[in-house]
Amino acid sequence: STFSATMEDTYNNRTSLVKGAKDMVKEAKRHTAKKVNKVVDRAADEYSSHRNYTRFQDEEDEDEDFYHHQKGHEGESCRDNEEGSSDATEGHDDEDEIYEGEYQGIPSSAADKKHKEGQVALGQPMSDAVRDRSELEQERDADEEELAQHYELIMQECGHGSFQWQLFFVLGLALMSDGVEVFVVGFVLPSAETDMCIPNSSSGWLGSIVYLGMMVGAFFWGGMSDKVGRRHCLLICMSTNGFFAFLSSFVQGYGLFLLCRVVAGFGIGGAVPIVFSFFAEVLSREKRGEHLSWLCMFWMIGEIYASAMAWAIIPHYGWSFSMGSAYQFHSWRVFVVVCALPCVCAVVALTFMPESPRYYLEVGKHDEGWMILKQIHDTNMRARGQPEKVFTVNRIKIPRQLDELVEMESGTGNPVSKFFFRIKAEIHGIYLNLMKCFKYPMQENTMRLAIVWFTLSFGYYGLSVWFPDVIKHLQADEYASKVQIHINERIEGFTFNFTLENQIHRNGTFIHDQFVNMKLKSVTFIDSTFRYCTFDDVTSVGSLFKNCTFIDTFFFNTDIDESKLVEGTEVINSTFTHNKTGCQMTFVDDYSAYWVYFINFLGTLAVLPGNIVSALLMDKIGRLSMLGGSMILSGISCFFLWFGTSESMMIFMLCLYNGLSISAWNSLDVVTTESFPTVRRGTGFGFCNALCKLAAVLGNLIFGSLVGITKAVPILMASSVLVGGGLVGLRLPDTRSNVLM
């Protein structure tokens, strides 16, 4: 019994020593984090004074010496638990010091199972298997904070130069493709519907369903970029968009066209969250706000490109060809092909760029991340004419890697079931990662960001649909006011071989008349009679025959059919031969075609000054002031729409609104990028961008249904939503001086 008591006392003493050692380690880490923060602040000051980085490297080494000195008193058992692991880098450095994939403990043997949870054998580290999950996550969080501070120092040493500018233009092309995709559907909608004989009742689906595809894509690809990498995901989603965008220009059926545009939208949905996450991770703190704002300009360039191409191509019916009578390739299809070109260029350019080094470090790939950081440093130094400058960083602290528990599929499954199981597992992983954004300490910021994204998008996209429709409504009213009315006319033996436009013929009589090689545009015949007449090669755009009578009349190569003969029209002893089949393109005759594209082009150009101003002032005024101020001013500007009674006034208000709102978009992109940690940045940004697309769908449906009915509801709705969102935006935390977590 005395021997047992002695053994128990010895064991208790050892357990107390281990516990005390662990407390000393945690205290040392807190002390180290404080000192690293001081190092970062001093580094920023020294860089502004153009001093050498090696001084701060020496200070950091002193901190590490202190850290290892503290750990030296604790014994080998606790020392190794504080370091992250990396399969690629296990081993020793030049001084034979374990720097990276340090020993994480050994699996417990059968004899160890006798020990209770929390007990360890003498001289062995505690295995992760017997440690609390929350404790491991706290260690990882501490490691991530340390990496964030160290990474900021590294990016300052790498500098801002040639590498960042190359990546800027490559990612800019991807962002430009997203801007094009948003507008291409709206521009081709009228002509695509006419070309494919789509009734008005189902035409609204095309615009809405493409936004829904982009919404799903934003959430999925944003989340996947946190799992498999920024560059890899961006390549896949851009390739998907480019392929199906090209394919959509060649398919003939409306259903296939709809499917291709949905899949293309699903692909491009990932562009915005990945592009901003990727670019932010190669920028230092003092460059981040300004250069992310410059990147936003490419979305506007995409709008300008789409508007200009639509204006130049779609109204020109001559930009088309046909292969027999079955296949028609009209000008709007040429426009769709041209709009896919930026996406193709982005895919090609992206193949020459490396992965985000910050992503590699976060997932434990130390060597890969270090090599890319060295590439950034060397590229920038060569461009500056300083190729002899050496990259001084030789080791980077990476966070502890925690194994995720994934349900395993049985080996008997076929490839299809395994594929769907993999997709299900990935979506579940994205969902779990998103749920962490709604836990302390991030939940309040995530909710506020979601509200701001939704309100800004609802107001912007809603009004962007409402503006052109209101202008078209004003044009239609003006067009209708100029209609020519002919009553009780009698015309015999006359040949019509010219265009009749915007006319109403009531109670007319036409005898032995010929309508040859002509167009009827917005012409309505009411209670009229046609005797012994000939219609040869006639196209009737927006024209109708109401309660008319055709007697002994010959129709050859016309598009006059049952849909044009309405309200009791009678056809007596008349012949229809070689009727034109399919739907006739009307866009060449559309009086508002040029105006719609020109107005969008002007509205987009008005964004340019706001974009430049927001980029220059982003770090001076601050993200939140610019975000809240821009949204509130945009909401106030909506009230002036009440006085827009003419086309010129509405165009001016459109330009003013676009110019004021762009600063809010730029600020929101920057704040969202900086608000989420690297392991959840793509997921969080993707969720916010998915909400943006959902708000766009609702805005299109609600505002579009109010055109021509009332002005008060859209104006009050847009104003209140924008002002409310701006006030919420002012409550977000200021991320201007933070390192990128």
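Just so it is clear, glycine is given a Cβ too, placed from its N, Cα and C backbone atoms.
Keep in mind it's a predicted model, so treat the numbers as computed, not measured.
What TrEMBL lists as compositional bias 'Basic residues' is 28-37. Residues or ranges marked as region 'Disordered' by TrEMBL: 28-95, 109-142. According to TrEMBL, the compositional bias 'Basic and acidic residues' annotation covers 38-49, 66-82, 129-139. Under the heading transmembrane segment, TrEMBL lists 167-190, 202-221, 233-250, 256-280, 292-314, 334-353, 449-467, 594-617, 624-643, 649-671, 683-706, 712-732. If you look up TrEMBL, you'll see 167-736 marked as domain 'Major facilitator superfamily (MFS) profile'.
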Recorded stretch, among 233-250, 292-314, 649-671, 712-732, maximising Cβ pairs under 8 Å relative to the transmembrane segment (624-643): 712-732
Beyond the flanks of the transmembrane segment (256-280) by at least 6 residues, Cβ under 8 Å: 167-168, 171, 174-175, 177-178, 181, 185, 192, 196, 205-206, 209-222, 224-225, 230-231, 233-234, 236-242, 244-245, 247-248, 288, 291-292, 295, 343, 356, 669, 672-674, 681-682, 685-686, 688-690, 693, 740
Stretch-level contact, the transmembrane segment (712-732) and the transmembrane segment (649-671), CB cutoff 8 A, at least 3 pairs: yes
Of 167-190, 233-250, 292-314, 449-467, 683-706, whichever stretch has the most CB pairs under 8 A to the transmembrane segment (649-671): 449-467
Integer mean pLDDT for the domain 'Major facilitator superfamily (MFS) profile' (167-736): 82
